[in-house]
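Heads up, the thing below is written out as structure tokens.
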Amino acid sequence: MRIGVLCSGGDSPGMNAAIRGAVLRGVDVHGFDMVGFMDGWRGFHEGEWIPLDRSTVRGLSPLGGVMLGTSRARPFVHGDGDESDMRVIRERMAEYGLDGFLLIGGNGTQTVAKMLNDAGIRAIGLPKTIDNDLGGTDYTFGFDTAVSIACEAVDRLRTTGESHRRCMVLEVMGRNAGWIALHAGMAGGAQVTLIPEHPESIEQICEWVLSVRNRGRSSLVVVAEGFKPTGFDDEVTREGLDGFGRPRLGGIAEVLAPLIESRTGIETRATVLGHVQRGGSPTAFDRVLATRTGLAAADAVKEGLWGTMMALRGDSIEFVSLEEAVSRLKTVPADRYEQARLNFG
Ligand SMILES: Nc1ncnc2c1ncn2[C@@H]1O[C@H](COP(=O)(O)OP(=O)(O)OP(=O)(O)O)[C@@H](O)[C@H]1O
Ligand SMILES: O=P(O)(O)OC[C@H]1O[C@](O)(CO)[C@@H](O)[C@@H]1O
Ligand SMILES: [Mg+2]
């Protein structure tokens, strides 16, 4: 059995640990031959791959980034995944002697895994994304690390903000889901947390900031990059498109800060945390989750459970269908936001 491992989407702390887990179990226990394609689908289509064995994954678990590289390169060379695209993939698989894929990625990657599987190309999904927006699983590895980094940023901005009696606005990632903002805001005691799922008006935001000032404190506002204030038609985006041709989200903190300052008279500063929250060593939680995900993926191959994704359910790693994983974006439910909102202002 020859298995190809490939990563796509943004990197996420824990990807190395997941590869290590899959290889230790897949090669040493189940006797598979495993190869890794460099930079996602680019390496697959351009024939750039490395063998994966015990020695290539040694010491990987604490390392951030991903040793294979990742990209948003398109899997399909002709169109949107029609039969001619699938034929190209089958031909290359035959050339490499591949029996199936382990695809490490977020909702986009798992959508591709499902498309391949529906076309009879064997694929198993390993969920990773700092955004935590994948269905079917409680948490994705990388999220806990991103939240820890964002929480540290909240703590640091709070001390400088309080010293200058300023309102500090921190923008975090998450695309169209507010999980990183919700958790970092709750952990850091933010006075306002703004997420895409629950729009708020500029008037309401300023009212919270003023009420904090009236209590003699300075506000810490956490905003998710995909947040749109009431009345805004679109998310704020940066120039250019991402590798998949979507507008790059980001910049809402820099839009909000001057609006808050002009309406409240409180000096306000914006910080965009950006890719810092994806970098560096994974937390212990993410290392363990990623390792268990990798181990489970190798077992799924052994058991022929193609078309599944390794999901965290409670404390167990379970095999869920790719259909369930990608059928909806996992966004922040209203009750979770309401819990946080009680403490605003
Ligand atoms: N519907 C689709 N059809 C074809 N290719 C897709 C589709 N969705 C995603 N892809 C491919 O998968 C890649 C990864 O998807 P995406 O950029 O959404 O990241 P992701 O896997 O969701 O990870 P993350 O959100 O953590 O960055 C895309 O760059 C694109 O090449
Ligand atoms: O690496 P890029 O293309 O800048 O992508 C940034 C995006 O990727 C993510 O980090 C993960 O999906 C998002 O939170 C963010 O919008
Ligand atoms: Mg995604």
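Any Cβ shown, glycine's included, is placed from N, Cα and C.
Curation plays no part in TrEMBL annotations; they are all automatic predictions.
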Self-check item: Binding-site annotation, TrEMBL, substrate: partner of Thr129, Ile130, Asp131, Arg166, Met173, Gly174, Arg175, Arg269, His275, Val276, Gln277, Arg278 in Glu225, Glu318, Glu323
Solution: Glu225
Quiz item: In TrEMBL, the ATP site includes Arg72, Ala73, Gly106, Asn107, Gly108, Thr109. Which of Gly4, Gly10, Gly178 does it also list there?
Solution: Gly10
Self-check item: Val276 (substrate binding site), number of other Cβ atoms within 10 Å
Solution: 15
Practice problem: Using C-alpha positions only, work out which of the binding-site residues Gly106, Gly108, Thr109 is nearest to Met173 (substrate binding site). | Solution: Gly106
Quiz prompt | Taking residues Thr129, Ile130, Asp131, Arg166, Met173, Gly174, Arg175, Glu225, Arg269, His275, Val276, Gln277, Arg278, which bind substrate in the record, the widest Cα spacing (Å, whole number) | solution = 33
Quiz item: Using C-alpha atoms, which one of the binding-site residues Thr129, Asp131, Arg175, Arg269 comes nearest to Gly106 (ATP binding site)?
Solution: Thr129
Quiz prompt | Among Gly106, Thr129, Met173, the binding-site residues whose C-beta sits under 6 Å from ligand 1 | solution = Gly106, Thr129
Quiz item: Just checking: which of Gly10, Arg72, Ala73, Asn107, Thr109 have a Cα that is within 10 Å of the Cα of Arg278 (substrate binding site), counting only these binding-site residues?
Solution: Gly10
Quiz item: Under 8 Å Cβ-Cβ from Arg175 (substrate binding site), six or more apart in the same chain: what's there?
Solution: Asp131, Asp133, Glu225, Gly226, Leu249
